[in-house]
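Engineer: I'd like to ask you about the structure that follows.
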Amino acid sequence: MNKRMNELVALLNRYATEYYTSDNPSVSDSEYDRLYRELVELETAYPEQVLADSPTHRVGGKVLDGFEKYSHQYPLYSLQDAFSCEELDAFDARVRKEVAHPTYICELKIDGLSISLTYEKGILVAGVTRGDGSIGENITENLKRVKDIPLTLPEELDITVRGECYMPRASFDQVNQARQENGEPEFANPRNAAAGTLRQLDTAVVAKRNLATFLYQEASPSTRDSQEKGLKYLEQLGFVVNPKRILAENIDEIWNFIQEVGQERENLPYDIDGVVIKVNDLASQEELGFTVKAPKWAVAYKFPAEEKEAQLLSVDWTVGRTGVVTPTANLTPVQLAGTTVSRATLHNVDYIAEKDIRKDDTVIVYKAGDIIPAVLRVVESKRVSEEKLDIPTNCPSCNSDLLHFEDEVALRCINPRCPAQIMEGLIHFASRDAMNITGLGPSIVEKLFAANLVKDVADIYRLQEEDFLLLEGVKEKSAAKLYQAIQASKENSAEKLLFGLGIRHVGSKVSQLLLQYFHSIENLSQADSEEVASIESLGGVIAKSLQTYFATEGSEILLRELKETGVNLDYKGQTVVADAALSGLTVVLTGKLERLKRSEAKSKLESLGAKVTGSISKKTDLVVVGADAGSKLQKAQELGIQVRDEAWLESL
């Protein structure tokens, strides 16, 4: 029976690839169904012989309890956006300062959900969402139901690949028709539908909705020397790679491709929202490196957003956690990018003056970055009033005088006891990217603050279960869950806490970078600004902001109180040791290692202070080689780069 099951699995997987990947089926649907039923019968009779790559894993029935957090071994960076040819020119100029004659590769920017797929010995072991780039959610069981994702690879590889999971337009129409017939609300757009599907706890629902993928990158150190070769390699492994791409030598060629894609966009069977431009050569990518948030070797050109006219009804002014006062326009409702929009940001007081926005104006609204509704400009031909908007002089929360500093575009409240700032700071502290306290959202924080149960973030850790029962609408079960979530957050790695403190210019990526170097918030609080500014990707502005924050008596008291309540102040990730054996060295791993997994070798190198990259360049200090090292070993020898073997690495 095992032989026949092997034959059926191989046949069905080949036919599925022909159908879903190549769009060139060699058998009829009825023949596929006949073979599939035969396999199901055999697997039912011999469950102990079911193969890992059996197509039956893709259908049917598992109801999941939830999604576990998953730490990405290789961080997923965001991309810098560009909205004009001039911004692409600026990107090209920055690249050419480091790379004399770059070749670019242009790929379609699929409007889906970023995913990371990890294979061990050629078997899919983890499918994860992007999350915040460092930690995502493990949705492996759902991604196994996406029919064009290989469950096994033709080689026994340890590899992590990245791509986009999306819902084709035809599938979107079918899903929405079914929801309409069932009296369920329709999805606004294919991206929302894909996101909602991947969040399903019932995997059978995922299997029915016909999601698809395009893979675009090997995240683990690549064995290829260019992005184009990497894409071809992914195709060889059985992944679906978007064929619509070009190599370009200059911005004119890139711009022509963007214009061509823009004209074809509506006729594609899937949604795109732009074109991604990357330096093709991987060694050049290594030379260019990264900022804290994004690679310097890539940019995402975004197509102009959809625009609609709406009438300005009124303006609300709100205070954020840093004291900035932001105006929000209340508008006549309009349909925009699949959703109803009745509020849009006006950014700041200088923006209102620059655009000369007045009462009752008709304005053009769009979604900035396809996400945030914003007012773009006034339709002056439809102006009905010359009356200017009322600009507040006092804080809408605490009534303190508002200031408008010369070097700032916004009004600002500088009262440290401003209730709105304190409450927004508490909401930020509990948010997903900060301390990630499940259930402690804005509405609960507002109730706690109004009940005078919390005045600063340390108070959160003094709360007891019974305190939550004092809040309207909170029952015993919810109170217990909130208390447990707060206790669990005490164990977070310290970069979550540092970001949660809301220090100006210190975002989540900067927080992680700082803690990798200083290992604890207490060490960081004692560091001098020169030491902070010397860290790669940081600088004087961040160093000064940290120095200002930690110099205050309030910060010292707050850290002491947090520590006393049991909150962890130490970094739990991979640290950088200043005097480690390989501190500051750029190292490339190549070839097949005999005793260590590649991930183990990478972790060891990083623990010794090395930066592990995938391509050899003039910035490479050391190459660790295994069997069949090939062209990378040859290139290292040509460049005179030091070469070591696996035994040497194990001896460190």
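Cβ coordinates come from backbone N, Cα and C, glycine included.
According to Swiss-Prot, the record shows the following:
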| type | residues | note |
| --- | --- | --- |
| ACT_SITE | K109 | active site, N6-AMP-lysine intermediate |
| BINDING | D29, S30, E31, Y32, D33, S78, L79, E107, R130, E164, K278, K302 | NAD(+) binding site |
| BINDING | C395, C398, C413, C418 | Zn(2+) binding site |
| DOMAIN | 577-652 | domain 'BRCT' |
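Surface or core, plus neighbours and distances: that's what I need for these features.
Structural biologist: According to DSSP, K109 (active site, N6-AMP-lysine intermediate) sits within a strand segment.
Long-range Cβ neighbours of K278 (NAD(+) binding site) (same chain, at least 6 residues apart, Cβ-Cβ under 8 Å): Y104, I105, E107, Q227, Q285, W297, A298.
DSSP assigns C413 (Zn(2+) binding site) to coil in the three-state reduction, placing it in neither a helix nor a strand. Around C413 (Zn(2+) binding site), a 10 Å sphere centred on its CB holds 25 further CB atoms from the protein chains shown.
Restricting the average to the domain 'BRCT' (577-652) gives a pLDDT of 77.
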Engineer: Can you give me the same-chain residues 6 or more apart in sequence from C418 (Zn(2+) binding site) with a CB-CB distance under 8 Å?
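Structural biologist: Sequence-distant Cβ neighbours: V319, G323, C395, S397, C398, S400.
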Engineer: Per 10 Å Cβ neighbour count, which of the binding-site residues L79, C395, C398 ranks highest?
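Structural biologist: Highest number of other Cβ atoms within 10 Å: C395.
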Engineer: If you skip the near sequence neighbours and keep only those at least six away, which residues in the chain come within under 8 angstroms of R130 (NAD(+) binding site), Cβ to Cβ?
Structural biologist: L76, L113, S114, I115, S116, G136
Engineer: Of E31, K109, the recorded positions given in the record, which has the fewest other CB atoms within 10 A of its CB?
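Structural biologist: Ranked by other Cβ atoms within 10 Å, the recorded positions E31, K109 bottom out at E31.
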Engineer: In which DSSP state, out of helix, strand and coil, do we find R130 (NAD(+) binding site)?
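Structural biologist: Looking at the DSSP assignment, R130 (NAD(+) binding site) belongs to neither helix nor strand, so coil.
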Engineer: Check the DSSP secondary structure of C418 (Zn(2+) binding site), expressed as helix, strand or coil.
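Structural biologist: Note: C418 (Zn(2+) binding site) is coil by DSSP, not helix or strand.
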